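S.K.: Not my notes, these are from TrEMBL:
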| type | residues | note |
| --- | --- | --- |
| DOMAIN | A:61-203 | domain 'EXPERA' |
| TRANSMEM | A:30-48 | transmembrane segment |
| TRANSMEM | A:60-79 | transmembrane segment |
| TRANSMEM | A:117-137 | transmembrane segment |
| TRANSMEM | A:149-167 | transmembrane segment |
| TRANSMEM | A:182-202 | transmembrane segment |
2 protein chains.
Amino acid sequence: MATAHTPHPYYPLDLVLDHYVPNTYSMKDTLTLLFSTFGAITIGSIALSYPKRHSTIKGLGNQLTFLWFVMCGFIHLFLEGYFSVHHATLAGDQHPLAQVWKEYSLSDSRYLSSDSFVLIMESITAFAWGPLAFFAAKTMYYNTPARHVAQLILSLGQIYGCVLYYLTTMVEGSPHCDPHPYYYYFYFAFFNIFWIVVPTILMHNSQGCSRR
Amino acid sequence: MATAHTPHPYYPLDLVLDHYVPNTYSMKDTLTLLFSTFGAITIGSIALSYPKRHSTIKGLGNQLTFLWFVMCGFIHLFLEGYFSVHHATLAGDQHPLAQVWKEYSLSDSRYLSSDSFVLIMESITAFAWGPLAFFAAKTMYYNTPARHVAQLILSLGQIYGCVLYYLTTMVEGSPHCDPHPYYYYFYFAFFNIFWIVVPTILMHNSQGCSRR
(Lines of atoms letter the chains of each structure in order from A and count residues from 1; the text may use other names and numbers.)
(Lines give C-alpha, C1' and ligand atoms only; values in the text may rest on other atoms or scores of the structure.)
Protein backbone atom coordinates (compact mmCIF):
# COMPACT_ATOMS: atom_id res chain seq x y z
CA MET A 1 0.00 0.00 0.00
CA ALA A 2 1.58 3.29 -1.11
CA THR A 3 1.29 6.25 1.27
CA ALA A 4 2.23 9.83 0.38
CA HIS A 5 5.19 10.93 2.53
CA THR A 6 6.91 14.32 2.70
CA PRO A 7 9.56 14.34 -0.05
CA HIS A 8 13.17 14.89 1.12
CA PRO A 9 16.66 14.69 -0.40
CA TYR A 10 18.06 12.09 2.04
CA TYR A 11 19.14 8.46 1.68
CA PRO A 12 17.85 5.80 1.81
CA LEU A 13 15.14 7.14 -0.48
CA ASP A 14 12.37 5.30 1.38
CA LEU A 15 13.29 6.94 4.72
CA VAL A 16 10.19 8.51 6.29
CA LEU A 17 10.87 12.07 7.56
CA ASP A 18 7.42 13.64 7.66
CA HIS A 19 8.62 16.54 9.82
CA TYR A 20 11.21 17.57 7.20
CA VAL A 21 11.31 21.23 6.16
CA PRO A 22 13.94 22.38 3.61
CA ASN A 23 16.72 24.70 4.83
CA THR A 24 16.27 28.44 4.28
CA TYR A 25 20.09 28.79 3.95
CA SER A 26 21.82 27.60 0.78
CA MET A 27 24.67 25.06 1.02
CA LYS A 28 27.12 27.97 0.49
CA ASP A 29 25.51 30.01 3.31
CA THR A 30 25.69 27.03 5.66
CA LEU A 31 29.34 26.24 4.91
CA THR A 32 30.27 29.95 5.13
CA LEU A 33 28.60 30.20 8.54
CA LEU A 34 30.32 27.02 9.75
CA PHE A 35 33.81 27.89 8.56
CA SER A 36 33.52 31.53 9.71
CA THR A 37 32.75 30.21 13.19
CA PHE A 38 35.73 27.84 13.00
CA GLY A 39 37.84 30.85 11.90
CA ALA A 40 36.65 32.92 14.86
CA ILE A 41 37.41 30.06 17.28
CA THR A 42 40.90 29.74 15.73
CA ILE A 43 41.61 33.47 16.18
CA GLY A 44 40.27 33.35 19.76
CA SER A 45 42.40 30.30 20.55
CA ILE A 46 45.56 31.95 19.15
CA ALA A 47 44.83 35.12 21.16
CA LEU A 48 44.25 33.05 24.30
CA SER A 49 47.47 31.06 23.90
CA TYR A 50 49.59 34.11 22.94
CA PRO A 51 50.71 34.98 26.52
CA LYS A 52 51.89 31.36 26.92
CA ARG A 53 53.92 31.29 23.68
CA HIS A 54 57.25 31.14 25.53
CA SER A 55 56.15 28.72 28.27
CA THR A 56 53.39 26.02 28.19
CA ILE A 57 52.21 26.54 24.57
CA LYS A 58 55.57 26.93 22.87
CA GLY A 59 56.10 26.14 19.19
CA LEU A 60 53.74 25.29 16.35
CA GLY A 61 52.99 21.72 17.54
CA ASN A 62 51.77 22.86 20.94
CA GLN A 63 49.81 25.79 19.47
CA LEU A 64 48.03 23.44 17.07
CA THR A 65 47.32 20.96 19.89
CA PHE A 66 45.85 23.73 22.04
CA LEU A 67 43.72 24.93 19.10
CA TRP A 68 42.59 21.32 18.54
CA PHE A 69 41.37 20.95 22.14
CA VAL A 70 39.53 24.29 22.06
CA MET A 71 37.99 23.54 18.65
CA CYS A 72 36.93 20.04 19.81
CA GLY A 73 35.39 21.55 22.94
CA PHE A 74 33.22 23.92 20.88
CA ILE A 75 32.30 21.37 18.20
CA HIS A 76 31.49 18.61 20.70
CA LEU A 77 29.61 20.68 23.25
CA PHE A 78 27.69 23.07 20.98
CA LEU A 79 27.35 21.52 17.51
CA GLU A 80 27.07 17.88 18.60
CA GLY A 81 25.30 18.92 21.81
CA TYR A 82 22.65 20.66 19.69
CA PHE A 83 22.04 17.42 17.82
CA SER A 84 21.89 15.41 21.05
CA VAL A 85 19.26 17.67 22.60
CA HIS A 86 17.16 18.41 19.47
CA HIS A 87 17.56 15.18 17.41
CA ALA A 88 13.86 14.28 17.48
CA THR A 89 12.76 17.51 15.76
CA LEU A 90 15.93 18.27 13.78
CA ALA A 91 14.52 17.60 10.29
CA GLY A 92 12.00 20.44 10.73
CA ASP A 93 14.27 22.81 12.68
CA GLN A 94 15.56 26.09 11.12
CA HIS A 95 18.06 27.14 13.84
CA PRO A 96 21.47 27.82 12.20
CA LEU A 97 22.99 24.76 13.95
CA ALA A 98 20.04 22.65 12.78
CA GLN A 99 20.60 23.84 9.21
CA VAL A 100 24.25 22.72 9.49
CA TRP A 101 23.05 19.26 10.56
CA LYS A 102 20.42 19.10 7.79
CA GLU A 103 23.13 19.93 5.24
CA TYR A 104 25.54 17.38 6.76
CA SER A 105 22.81 14.74 6.93
CA LEU A 106 22.89 14.49 3.14
CA SER A 107 25.96 12.38 3.88
CA ASP A 108 24.37 10.59 6.85
CA SER A 109 20.61 10.58 7.39
CA ARG A 110 21.07 8.85 10.76
CA TYR A 111 21.23 12.35 12.25
CA LEU A 112 17.66 13.04 11.14
CA SER A 113 16.20 9.60 11.92
CA SER A 114 17.57 9.54 15.53
CA ASP A 115 19.55 6.34 14.88
CA SER A 116 20.18 4.90 18.34
CA PHE A 117 23.94 4.40 17.89
CA VAL A 118 24.54 7.89 16.45
CA LEU A 119 22.36 9.44 19.17
CA ILE A 120 24.17 7.75 22.08
CA MET A 121 27.67 8.15 20.61
CA GLU A 122 27.05 11.86 19.87
CA SER A 123 25.56 12.43 23.35
CA ILE A 124 28.68 10.94 24.98
CA THR A 125 30.87 12.97 22.61
CA ALA A 126 28.98 16.18 23.41
CA PHE A 127 28.68 15.89 27.18
CA ALA A 128 31.72 13.77 28.14
CA TRP A 129 34.36 14.50 25.46
CA GLY A 130 33.28 18.15 25.01
CA PRO A 131 34.01 19.26 28.60
CA LEU A 132 37.07 16.94 28.64
CA ALA A 133 38.45 18.76 25.55
CA PHE A 134 38.17 22.13 27.33
CA PHE A 135 39.74 20.52 30.41
CA ALA A 136 42.60 19.20 28.25
CA ALA A 137 43.14 22.75 26.90
CA LYS A 138 43.23 24.02 30.48
CA THR A 139 45.71 21.35 31.65
CA MET A 140 47.93 22.34 28.73
CA TYR A 141 47.62 26.08 29.44
CA TYR A 142 48.63 25.63 33.08
CA ASN A 143 50.86 22.57 32.46
CA THR A 144 49.18 20.47 35.18
CA PRO A 145 50.01 16.78 35.71
CA ALA A 146 46.59 15.61 34.41
CA ARG A 147 47.59 16.78 30.90
CA HIS A 148 48.57 13.44 29.40
CA VAL A 149 45.82 11.37 31.00
CA ALA A 150 43.19 13.86 29.80
CA GLN A 151 44.70 13.85 26.31
CA LEU A 152 44.85 10.04 26.24
CA ILE A 153 41.26 9.51 27.40
CA LEU A 154 39.87 12.20 25.08
CA SER A 155 41.82 10.89 22.10
CA LEU A 156 40.89 7.24 22.58
CA GLY A 157 37.24 8.19 23.09
CA GLN A 158 37.29 10.20 19.85
CA ILE A 159 39.02 7.47 17.84
CA TYR A 160 36.73 4.70 19.07
CA GLY A 161 33.61 6.81 18.49
CA CYS A 162 34.72 7.77 14.99
CA VAL A 163 35.74 4.22 13.98
CA LEU A 164 32.34 2.94 15.15
CA TYR A 165 30.64 5.85 13.38
CA TYR A 166 32.26 5.07 10.02
CA LEU A 167 31.98 1.28 10.20
CA THR A 168 28.39 0.95 11.49
CA THR A 169 27.06 2.38 8.23
CA MET A 170 29.86 1.15 5.91
CA VAL A 171 29.22 -2.48 6.98
CA GLU A 172 25.68 -2.03 5.60
CA GLY A 173 27.00 -0.48 2.36
CA SER A 174 26.53 3.15 3.56
CA PRO A 175 22.78 3.26 2.80
CA HIS A 176 22.41 6.51 4.82
CA CYS A 177 24.67 8.53 2.50
CA ASP A 178 23.94 10.28 -0.79
CA PRO A 179 26.28 8.35 -3.12
CA HIS A 180 27.49 11.54 -4.84
CA PRO A 181 31.27 11.76 -4.18
CA TYR A 182 30.90 15.30 -2.77
CA TYR A 183 28.78 14.01 0.11
CA TYR A 184 30.53 10.68 0.59
CA TYR A 185 34.15 11.82 0.36
CA PHE A 186 33.95 15.45 1.52
CA TYR A 187 31.22 15.42 4.21
CA PHE A 188 31.24 11.81 5.44
CA ALA A 189 34.88 10.75 4.94
CA PHE A 190 36.88 14.01 5.12
CA PHE A 191 34.98 15.94 7.82
CA ASN A 192 35.30 13.03 10.27
CA ILE A 193 38.75 11.62 9.54
CA PHE A 194 40.32 14.39 11.66
CA TRP A 195 38.96 12.59 14.74
CA ILE A 196 41.03 9.53 13.87
CA VAL A 197 44.21 11.18 12.52
CA VAL A 198 44.79 13.91 15.14
CA PRO A 199 43.93 11.79 18.23
CA THR A 200 46.19 9.00 16.93
CA ILE A 201 49.10 11.47 16.79
CA LEU A 202 48.23 12.83 20.25
CA MET A 203 47.90 9.34 21.78
CA HIS A 204 51.28 8.45 20.36
CA ASN A 205 52.71 11.57 21.99
CA SER A 206 50.95 10.86 25.31
CA GLN A 207 52.24 7.32 25.47
CA GLY A 208 55.74 8.74 25.32
CA CYS A 209 55.19 10.11 28.84
CA SER A 210 54.88 6.61 30.28
CA ARG A 211 58.30 5.66 28.94
CA ARG A 212 60.02 8.57 30.61
CA MET B 1 0.42 -10.08 3.80
CA ALA B 2 1.29 -12.71 6.39
CA THR B 3 4.23 -14.98 5.60
CA ALA B 4 5.16 -18.07 7.60
CA HIS B 5 8.54 -17.52 9.25
CA THR B 6 10.59 -19.93 11.36
CA PRO B 7 9.36 -19.60 14.94
CA HIS B 8 11.99 -18.53 17.52
CA PRO B 9 12.03 -17.40 21.16
CA TYR B 10 13.71 -14.01 20.58
CA TYR B 11 12.52 -10.41 20.88
CA PRO B 12 11.14 -8.42 19.14
CA LEU B 13 8.62 -11.14 18.29
CA ASP B 14 8.40 -10.05 14.63
CA LEU B 15 12.18 -10.49 14.13
CA VAL B 16 12.82 -12.70 11.09
CA LEU B 17 15.44 -15.40 11.80
CA ASP B 18 14.72 -18.04 9.18
CA HIS B 19 18.06 -19.78 9.74
CA TYR B 20 17.28 -20.34 13.44
CA VAL B 21 17.77 -23.86 14.83
CA PRO B 22 17.09 -24.49 18.58
CA ASN B 23 20.07 -25.32 20.81
CA THR B 24 20.78 -29.00 21.52
CA TYR B 25 22.15 -28.00 24.97
CA SER B 26 19.75 -26.96 27.73
CA MET B 27 20.16 -23.60 29.47
CA LYS B 28 21.75 -25.45 32.40
CA ASP B 29 24.23 -27.28 30.10
CA THR B 30 25.20 -24.00 28.44
CA LEU B 31 25.75 -22.14 31.72
CA THR B 32 27.64 -25.12 33.20
CA LEU B 33 29.92 -25.19 30.15
CA LEU B 34 30.48 -21.44 30.32
CA PHE B 35 31.19 -21.23 34.04
CA SER B 36 33.36 -24.38 34.00
CA THR B 37 35.50 -22.72 31.34
CA PHE B 38 35.69 -19.52 33.43
CA GLY B 39 36.70 -21.72 36.39
CA ALA B 40 39.45 -23.41 34.38
CA ILE B 41 40.76 -20.01 33.21
CA THR B 42 40.74 -18.80 36.83
CA ILE B 43 42.75 -21.82 38.01
CA GLY B 44 45.17 -21.42 35.08
CA SER B 45 45.60 -17.73 35.84
CA ILE B 46 46.28 -18.34 39.55
CA ALA B 47 48.81 -21.06 38.65
CA LEU B 48 50.49 -18.70 36.15
CA SER B 49 50.73 -15.83 38.62
CA TYR B 50 51.87 -18.04 41.55
CA PRO B 51 55.63 -17.66 40.90
CA LYS B 52 55.16 -13.85 40.91
CA ARG B 53 53.21 -13.75 44.19
CA HIS B 54 56.06 -12.01 46.05
CA SER B 55 57.05 -9.60 43.26
CA THR B 56 54.90 -8.19 40.40
CA ILE B 57 51.57 -9.87 41.29
CA LYS B 58 51.62 -9.36 45.04
CA GLY B 59 48.44 -9.26 47.13
CA LEU B 60 44.81 -9.97 46.36
CA GLY B 61 44.20 -6.74 44.38
CA ASN B 62 46.99 -7.48 41.92
CA GLN B 63 46.04 -11.16 41.64
CA LEU B 64 42.44 -10.21 40.80
CA THR B 65 43.64 -7.61 38.27
CA PHE B 66 45.89 -10.19 36.58
CA LEU B 67 42.97 -12.67 36.49
CA TRP B 68 40.73 -9.93 35.04
CA PHE B 69 43.15 -9.27 32.15
CA VAL B 70 43.56 -12.98 31.39
CA MET B 71 39.80 -13.58 31.60
CA CYS B 72 39.08 -10.55 29.37
CA GLY B 73 41.65 -11.79 26.86
CA PHE B 74 39.91 -15.16 26.57
CA ILE B 75 36.35 -13.77 26.56
CA HIS B 76 37.13 -11.02 24.04
CA LEU B 77 39.28 -13.02 21.67
CA PHE B 78 37.47 -16.37 21.69
CA LEU B 79 33.84 -15.85 22.76
CA GLU B 80 33.33 -12.42 21.20
CA GLY B 81 35.70 -13.29 18.35
CA TYR B 82 33.49 -16.30 17.54
CA PHE B 83 30.50 -13.98 17.26
CA SER B 84 32.42 -11.51 15.10
CA VAL B 85 33.48 -14.19 12.62
CA HIS B 86 30.29 -16.29 12.56
CA HIS B 87 27.54 -13.67 13.21
CA ALA B 88 25.79 -14.18 9.87
CA THR B 89 25.07 -17.87 10.51
CA LEU B 90 24.95 -17.84 14.32
CA ALA B 91 21.21 -18.50 14.70
CA GLY B 92 21.59 -21.89 13.00
CA ASP B 93 25.00 -22.79 14.44
CA GLN B 94 25.41 -25.64 17.01
CA HIS B 95 29.06 -25.11 18.00
CA PRO B 96 29.31 -24.84 21.83
CA LEU B 97 30.28 -21.14 21.58
CA ALA B 98 27.34 -20.53 19.22
CA GLN B 99 25.00 -22.19 21.72
CA VAL B 100 26.29 -19.79 24.40
CA TRP B 101 25.46 -16.87 22.10
CA LYS B 102 22.02 -18.26 21.24
CA GLU B 103 21.26 -18.58 24.96
CA TYR B 104 22.59 -15.08 25.68
CA SER B 105 20.67 -13.64 22.72
CA LEU B 106 17.43 -14.21 24.62
CA SER B 107 18.52 -11.01 26.37
CA ASP B 108 19.73 -9.33 23.18
CA SER B 109 18.68 -10.56 19.75
CA ARG B 110 21.06 -8.09 18.08
CA TYR B 111 23.65 -10.88 18.24
CA LEU B 112 21.53 -13.04 15.92
CA SER B 113 20.36 -10.28 13.57
CA SER B 114 23.91 -8.95 12.93
CA ASP B 115 23.00 -5.49 14.22
CA SER B 116 25.65 -3.20 12.71
CA PHE B 117 26.61 -1.49 15.99
CA VAL B 118 26.90 -4.74 17.97
CA LEU B 119 28.87 -6.34 15.14
CA ILE B 120 31.43 -3.52 14.84
CA MET B 121 31.74 -2.94 18.59
CA GLU B 122 32.22 -6.68 19.24
CA SER B 123 34.75 -7.00 16.41
CA ILE B 124 36.82 -4.16 17.89
CA THR B 125 36.46 -5.72 21.35
CA ALA B 126 37.54 -9.14 20.07
CA PHE B 127 40.47 -8.17 17.89
CA ALA B 128 41.74 -4.94 19.52
CA TRP B 129 40.83 -5.22 23.21
CA GLY B 130 41.32 -9.03 23.32
CA PRO B 131 45.03 -8.99 22.41
CA LEU B 132 45.46 -5.78 24.45
CA ALA B 133 44.07 -7.59 27.54
CA PHE B 134 46.67 -10.36 27.15
CA PHE B 135 49.31 -7.67 26.61
CA ALA B 136 48.16 -5.91 29.80
CA ALA B 137 48.52 -9.22 31.69
CA LYS B 138 52.04 -9.57 30.27
CA THR B 139 53.05 -5.99 31.20
CA MET B 140 51.84 -6.73 34.73
CA TYR B 141 53.66 -10.06 34.91
CA TYR B 142 56.96 -8.51 33.88
CA ASN B 143 56.23 -5.07 35.40
CA THR B 144 57.09 -3.18 32.20
CA PRO B 145 56.53 0.60 31.85
CA ALA B 146 53.66 0.14 29.35
CA ARG B 147 51.53 -1.32 32.15
CA HIS B 148 49.43 1.73 33.01
CA VAL B 149 48.93 2.96 29.46
CA ALA B 150 47.78 -0.52 28.36
CA GLN B 151 45.44 -0.72 31.37
CA LEU B 152 44.05 2.77 30.70
CA ILE B 153 43.41 2.22 26.98
CA LEU B 154 41.87 -1.23 27.54
CA SER B 155 39.66 0.01 30.37
CA LEU B 156 38.37 3.10 28.56
CA GLY B 157 37.69 1.03 25.43
CA GLN B 158 35.72 -1.49 27.51
CA ILE B 159 33.72 1.17 29.38
CA TYR B 160 32.84 3.14 26.25
CA GLY B 161 31.85 -0.03 24.37
CA CYS B 162 29.71 -1.27 27.24
CA VAL B 163 27.99 2.09 27.81
CA LEU B 164 27.14 2.29 24.10
CA TYR B 165 26.02 -1.35 24.19
CA TYR B 166 23.56 -0.78 27.03
CA LEU B 167 22.23 2.59 25.89
CA THR B 168 21.75 1.87 22.17
CA THR B 169 19.00 -0.62 22.97
CA MET B 170 17.74 1.01 26.20
CA VAL B 171 17.05 4.30 24.34
CA GLU B 172 14.65 2.31 22.15
CA GLY B 173 13.01 0.68 25.20
CA SER B 174 15.13 -2.52 25.01
CA PRO B 175 13.04 -4.14 22.25
CA HIS B 176 15.76 -6.77 21.66
CA CYS B 177 15.44 -8.29 25.14
CA ASP B 178 13.04 -10.85 26.55
CA PRO B 179 11.30 -8.76 29.25
CA HIS B 180 11.49 -11.59 31.80
CA PRO B 181 13.64 -10.29 34.70
CA TYR B 182 15.97 -13.33 34.45
CA TYR B 183 17.07 -12.29 30.96
CA TYR B 184 16.95 -8.55 31.48
CA TYR B 185 18.64 -8.32 34.88
CA PHE B 186 20.84 -11.42 34.92
CA TYR B 187 21.99 -11.80 31.30
CA PHE B 188 21.73 -8.25 29.92
CA ALA B 189 22.39 -6.08 33.00
CA PHE B 190 24.53 -8.27 35.30
CA PHE B 191 26.74 -10.13 32.78
CA ASN B 192 27.86 -6.84 31.20
CA ILE B 193 28.14 -4.47 34.16
CA PHE B 194 31.56 -5.97 35.04
CA TRP B 195 32.94 -4.16 31.98
CA ILE B 196 31.94 -0.82 33.48
CA VAL B 197 32.68 -1.47 37.17
CA VAL B 198 36.10 -3.17 36.96
CA PRO B 199 37.59 -0.89 34.25
CA THR B 200 36.40 2.19 36.20
CA ILE B 201 38.34 0.96 39.25
CA LEU B 202 41.38 0.16 37.10
CA MET B 203 41.28 3.55 35.31
CA HIS B 204 41.11 5.26 38.65
CA ASN B 205 44.19 3.30 39.75
CA SER B 206 46.03 4.04 36.48
CA GLN B 207 45.40 7.76 36.73
CA GLY B 208 47.15 7.69 40.06
CA CYS B 209 50.39 7.01 38.20
CA SER B 210 50.19 10.38 36.43
CA ARG B 211 50.07 12.19 39.78
CA ARG B 212 53.23 10.58 41.08
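Using the three backbone atoms N, Cα and C, a Cβ is placed for every residue, glycine included.
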S.K.: Six or more residues beyond either end and a Cβ under 8 Å away: which residues meet both conditions relative to the transmembrane segment (A:149-167)?
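M.R.: Here the qualifying positions are 69, 72, 117-118, 121, 124-125, 128-129, 132-133, 135-136, 139, 192-193, 195-196, 198-200, 202-203, 205-207.
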S.K.: With DSSP as the reference, give the number of residues of the domain 'EXPERA' (A:61-203) in helix, strand and coil.
M.R.: 121 helix, 0 strand, 22 coil
S.K.: Looking only at the domain 'EXPERA' (A:61-203), report the model's average pLDDT.
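M.R.: Mean pLDDT across the domain 'EXPERA' (A:61-203) comes out at 97.
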